[in-house]
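Everything below concerns the one structure shown next.
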């Protein structure tokens, strides 16, 4: 009689378990519980505007020009002449249409209110030291350069804007056909040249008195492929100015043209022209955003709705608006990236009956105790359950998550560059994106980012199978012939494997020989003890073989007799 026993242990690969699951969204599995997450979004709160970190931020065009609007500075109002500091970012702080405190301007006729915005969009801005043309000797002259008491100079005498010359005919106060003057490019550093010009109109009496012609006058400017036409309005202006300045019966219309390096512009005019004088020379790019002054402190990002923001997450939810700097990107819903493994309750051994009732050893759930890692090994035996984390596998999983974060960051940068590029394309227009187009673009980018996060979560969760398969191959190689693969990532060892053994497996220092020699307790065969006197082993074997042979012969004879009877070849009679 043989009795077979086993002192083997079972070693399995496994995943950590957690009792605090989080939820992430995936592309195909919907919402999935995981052991940890990295929040990718934040919802900002409103704050004051600030200087943008790492760069110069411009508030007012001329900080030292007191009681001056940015339009005053842009037009060169006599008491508003000063240096405009260079800046990589600018705040459009005058949220309402702002007029000049000088001669009353008909703002609605032109895009003159956009002139300060245009200048804000340049990093470097300077006013030329010389006049672009000699206004007194321009065609249709000679002219007297007009001034106004509503535009006083620094000595409180009559003055006018430094960027324009009010050309009043000196002697020949008569009507004239359209005249043409070329405006040369005079900037010296390859800058854009912003040339300001305009025209004056009044009631009929004043038009005759100043220009000798009471009819509407025609004006045209052309530069850089852009041509603009105007016809002056005669009379009909309220006596009190919209600027709250001195009462004026007349008005001026002011416009500008942008001349590229080396390219001249032209102005076609009649009576009442305001000829260009000093010009703006501008270069570089400064990002513009609507905001408020003063600027307090520093911030990573300037947001039209939230003010100064310090970036803590790559994305934000809440109100979408234009922003500049190192800003999070707007998304519709909060986003989370999986930072761990798929949630599993504490593991149990499922006793599935296989061939001869063997335990299959399939593991369900995760194992508690893998404090230092997400993946690892478990050992089951007389010692109970031992658990050890595999740091290398865990690090590989973390590296994959980091790679996903970097990919999302690259996507963020590309989208920011796309938005920035779109803004630069409109730079020479008004430097403001159309809100509807901007919202549509933001929705599209938000959808792209959300899909990228869903796919990243899908990949992170699905990669668990890869990590476990790699662990299984590693475990099989280390155990070698000292264990039998029983499937589902489990191996039955021919030796004991307690916590020390498992820790060495996790550390990659396991040596099967070290555990097999002293601790091997392989299949034990215990022989039955027969105590008949005078019998040795050879005699016992002889008895066994004789009995077995006799039994075999008897069975063969019995089978032959039954066969012959069934064929009627042999008859059998039983008599009493």
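The backbone N, Cα and C atoms fix where each Cβ goes, glycine too.
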| note | Checking 239, 569 against Swiss-Prot, the one recorded as N-linked glycosylation site is 239
| message | Tell me which of 524-544, 545-565 corresponds to the transmembrane segment entry in Swiss-Prot. | response | 545-565
| query | What is the average pLDDT across the topological domain 'Cytoplasmic' (566-576)? | reply | 57
| Of all the disulfide-bonded residues given, 151, 497, which has the fewest Cβ neighbours within 10 Å once its own Cβ is left out? | 151
| Which residues in the same chain, at least 6 apart in sequence, have a Cβ under 8 Å from the Cβ of residue 310 (N-linked glycosylation site)? | 299, 300, 301
| request: Would you mind reading off the Cα separation of residue 68 (disulfide bond) from residue 102 (disulfide bond), to the nearest angstrom? | output: 10
| Of 67, 151, 498, i.e. the recorded positions, those within 10 Å of residue 80 (disulfide bond) when Cα atoms are compared | 67
